[in-house]
Each structure stands twice: as structure tokens, then as C-alpha cells.
Amino acid sequence: MAGTWLLLLLALGCPALPTGVGGTPFPSLAPPIMLLVDGKQQMVVVCLVLDVAPPGLDSPIWFSAGNGSALDAFTYGPSPATDGTWTNLAHLSLPSEELASWEPLVCHTGPGAEGHSRSTQPMHLSGEASTARTCPQEPLRGTPGGALWLGVLRLLLFKLLLFDLLLTCSCLCDPAGPLPSPATTTRLRALGSHRLHPATETGGREATSSPRPQPRDRRWGDTPPGRKPGSPVWGEGSYLSSYPTCPAQAWCSRSALRAPSSSLGAFFAGDLPPPLQAGAA
């Protein structure tokens, strides 16, 4: 897994490396990167060698500092390439405090340190340290225009959610719907008054509407409207004859024939006409 990551890093940093079948190895150094290891920053330098010897043959890779000392590196490979050649990879970790003592850094490859070898161009680590990429704690960078569009989108979404919330609350607070219009209210009132005072036809003519009920504080001497003393009870224009239906007249006649047996009955009988006389009938 680490070898694949390092190969990808080298492909991005050194896209112009020569490829193809050849008998001479070609080393190259990738741009260094900064890593945080155990709370300390270290610089990692990767060396990629193309066209190395096949497995079984000695093809070491090592680093050398400006003072002539050799530095051992961790080597991956060799691994086969797509064009039939072999590739080798090595990386070196250096403390960030000791970079000045190790520059310039050179990568070597070949049959050995005593024989003929191939080397890279010297790399100055102090200058590379300022431009090296830092993997951990790298701040995210974006254009101000992108941040502005993101803020506008968030504001629109917030307003949409707020409008939906207000609409839902208004529907829950008024489940009966809107009030009827004034014209509808007037028609309903007219229809209600018509039902309270219906007009029926009796004997081929329209009956008059019943009068308003009189208060019950009248005494025995009071006479209902439309009736004179000594006139027949069921005469034309009397109080009881104004009721349009026959059941009401029958109920009144039956109630009039019974005498009140108690004070409560006398109180309710005060609103009824006196008993029907035989001569008046």
C-alpha cells in the first residue's frame, strides 16, 4: 500500500521521467513532503529508479549528504512495470531540525557504492522545506466567490424552511378554514328566519304566522290578544284560532277541560282559555 502511494506521488511530481526498456538505471527525486510523526515534523524524500536490474541481481539505492556520508534508505521492489522493465523505490525520513546538516541530498543507484553508479541532481532541503507540502493540519482553501454562493444557498434554504413552518402552523391554528363571505352570511340568516316562521296553507288559503309568545306573568284577569270577554272560544279571529294546525287546537281544548289540581297546575293553566261552555258551542 505504501509503495502504491509513493509511486502515485512520484507520477504527480515527476511526469517527464523517461520510460522504456534500457540497461541503465535512471534515478530521480520527488519533491519532499512534511509528515507529523510522533508529534514531530519530518521531511520524507522519495527516490524512484527506472530500468533497474531484474530480481536476483544486486541493484541497491542509497542517499548521500553533502558531507560525503551515506544514508541508508527503506527500499521497495523491484516491481515490474507495464512496459516490461523493473522499477525500484526508496524513501528517506529526516528530522526537520537537521535538514541543513544533510544538504545537498543526492540519490544513487548502481551495482554498489564502489563501482559505477547513477546519481540525481543535488537537492537543497533548506529551500525545499519552505515550499514542502504539509499533509496534516493543512487548511482548506477556496475562492471568496464560492463561499459567497454557499452563504446565499444556505440563506435561501433557511427562508424556505421558515415559510413551510409558518404555513403549517397557520393550517393547524385554523382547521375550519376561512370565514364565510358577507353575502353567504346574509343568505344563511334569511334561510334561518324562514324556517323559524313557516307559512302553511289551510283550507285553500295561506295561514298567518304565529304571534310572538307572551310573557307568563299575566294573571287570570288578563285576556289574550284577539279574544273578547263573552265571545266564543273558537270564534273567528280568536287567540287559539290563529294557530294553523289542528293538533294545537286539540291540545288546547283537552287542557281547558281539565281543572288545575295544584298551584303549579293553576299557574300553567293561567295561559289557557276558560272551559268551553255548552251554550257557546
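Residue positions begin at 1 at the first shown residue.
Just so it is clear, glycine is given a Cβ too, placed from its N, Cα and C backbone atoms.
Small disclaimer: the values here were computed from a predicted structure and weren't measured.
Within the set CYS14, CYS107, the cysteine that Swiss-Prot bonds to CYS47 via a disulfide is CYS107.
Averaged over the topological domain 'Cytoplasmic' (168-281), the predicted model reaches a pLDDT of 54. A strand conformation is recorded for CYS47 (disulfide bond) in the three-state DSSP classification.
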